[in-house]
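Notes to accompany the following structure.
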């Protein structure tokens with residue numbers, strides 16, 4: 001059987017592409033603001049580094065390929081790739097990591113396939129996974145939200161840690177990651193997985209400061225709600241379609257609910273899955289990438305549901321605390337197959 005992506009390349013109108021990318025960038029403002037509020041200025045520094053790296057990397061490749069640099073950069077796709085990677089990594093990760101991940105995403109995962117519209121995998125998630133596999137410690141060193149943090153780095157401190165590894169007063173990531181309980185903090189998903197494996201009960205885990213939020217992990221619930229708000233705005237602007245976010249979130253919630261009902265002592269409750277990690281960012285800003293997602297309505301529902309199932313399985317049974325990036329890439333692999341079996345039948349066509 002030969003699989004074909006019938007509508008590739010997906011982006012034919014550069015002005016339309018530029019407008020959609022700009023809408024996505026604007027929709028990201030609430031999520032970025034929430035991450036800045038809870039995790040400090042490091043997020044902004046990472047966004048600036050990633051944006052500059054993405055534009056320079058794209059310009060370099062276009063120059064080598066003798067293509068128009070200015071016209072292509074105006075589509076804002078490189079900028080969006082850098083932004084999505086920057087908000088996915090810890091805010092005080094070393095500067096060279098975000099540069100390396102962004103350059104890899106733009107050059108290897110996008111331009112080597114032929115540029116926008118030709119890449120089969122989401123470039124930002126390729127860059128993220130490369131960094132996660134290569135530097136797992138740095139990529140899981142998140143700061144505690146400011147509500148439970150002992151040391152809150154300012155703008156200058158954030159720059160110093162990102163570029164030198166420590167603040168002017170000698171503080172490093174180990175001291176900055178301390179929570180009010182004197183324990184180095186991780187994300188709610190990472191904390192849950194580590195604690196369950198250590199033999200702690202769910203009742204004990206829920207007493208940790210990181211779970212003192214109203215619905216889920218402190219800070220993270222509001223970050224996810226902010227990304228949700230941006231995603232709803234994208235739907236209202238008709239920049240994305242509802243099929244993928246809805247099927248992804250419904251499937252994730254359903255799997256999490258069933259798992260929690262059958263094994264409440266080892267699996268996280270559905271609200272933790274929905275409002276922790278990169279759930280809403282993935283649902284509305286990453287999975288909906290028109291280049292790497294399914295192109296039919298039925299296909300989008302299947303694609304989103306598959307990603308939701310994979311996220312829950314990786315979070316619950318895998319070796320990584322948050323499975324959004326891996327789920328996105330694994331779902332990307334299935335897109336030609338999904339599109340092949342869900343493409344509309346041509347009028348008058350009969351199976352011979």
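The backbone N, Cα and C atoms fix where each Cβ goes, glycine too.
Copied over from Swiss-Prot:
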type: TRANSMEM; residues: 20-40; note: transmembrane segment
type: TRANSMEM; residues: 42-62; note: transmembrane segment
type: TRANSMEM; residues: 78-109; note: transmembrane segment
type: TRANSMEM; residues: 123-143; note: transmembrane segment
type: TRANSMEM; residues: 148-168; note: transmembrane segment
type: MOD_RES; residues: 187; note: FMN phosphoryl threonine
type: TRANSMEM; residues: 214-234; note: transmembrane segment
type: TRANSMEM; residues: 242-262; note: transmembrane segment
type: TRANSMEM; residues: 267-287; note: transmembrane segment
type: TRANSMEM; residues: 301-321; note: transmembrane segment
type: TRANSMEM; residues: 322-342; note: transmembrane segment
Could you give the residue numbers and ranges of same-chain residues that sit at least 6 residues beyond the transmembrane segment (322-342) on either side and whose C-beta is under 8 angstroms from one of its C-beta atoms?
1, 3-6, 88, 120-122, 125-126, 128-129, 132, 187, 189-190, 276-279, 281-282, 286-287, 292-296, 298-299, 302-303, 306-308, 310-315
So if I draw a 10 Å sphere around the Cβ of residue 187 (FMN phosphoryl threonine), how many other Cβ atoms end up inside it?
22
Which range wins on Cβ pairs under 8 Å with the transmembrane segment (78-109): 42-62, 148-168, 214-234?
42-62
Would you say the transmembrane segment (42-62) and the transmembrane segment (267-287) are in contact under the rule of three or more C-beta pairs closer than 8 Å, pairs 6 or more apart in sequence?
no
Which range wins on Cβ pairs under 8 Å with the transmembrane segment (20-40): 123-143, 148-168, 214-234, 301-321?
214-234
Stretch in 123-143, 148-168, 214-234, 301-321 most in contact with the transmembrane segment (42-62), if contact is a CB pair under 8 A:
148-168
